[in-house]
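**Student:** The structure is given below, and queries will be raised subsequently.
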């Protein structure tokens, strides 16, 4: 097994196990204490495994540069998806994980956290198990392929609505806080307001979400129309 294949196997199995832990913990907390207890049950693993997904952006960026240095075979072996398709999704999740849920405890018990965590974790358990089996055995069951390219019809809207909803309910707390803000005057002669940045981020969901949704529909058509094979 080459270094690249070993890395992909380890990475995908680790992320599968991490998101499975999040899903199980969320379901248990929901049963025991309701939506208000979900975030406390998944906070640390959510921060760890969602942040680990940055590697999916880091490596494509690095190897896209190395591509110009003629390392094409290595690049195509490790990069699985276009940076521009991966970056918005991971960026929004990192923003929600750290910039919203971690930074503003006032919204951690909101019911939208439950729908967010369940949408993310179910999606990622399916996705990482799909890639883990593919990298390890060179084959994935047809039912898992179907799940990967079908469950998004429900999970993508619930995830997006939960993300946008949480940003919206956090805005009043941002407005009353100077967290992450840089006020004028200062030595940099530059001002930054986290509240207004978050409004821009919220508005970005309007054009961005339909584009990602139609992209997944095209990917589904391509994936499910192909003949069953080791893929």
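From the backbone N, Cα and C atoms, a Cβ is placed for every residue, glycine too.
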**Student:** Could you tell me which of the ranges 47-71, 72-96 is annotated in TrEMBL as transmembrane segment?
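**Tutor:** Of 47-71, 72-96, TrEMBL gives transmembrane segment for 47-71.
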**Student:** The transmembrane segment (194-213): which same-chain residues, six or more beyond its ends, come within Cβ distance under 8 Å?
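**Tutor:** Sequence-distant neighbours of the transmembrane segment (194-213): 85, 88-89, 92, 95, 99, 152, 156-157, 160, 163-164, 167-168, 170-171, 174-175, 177, 179-181.
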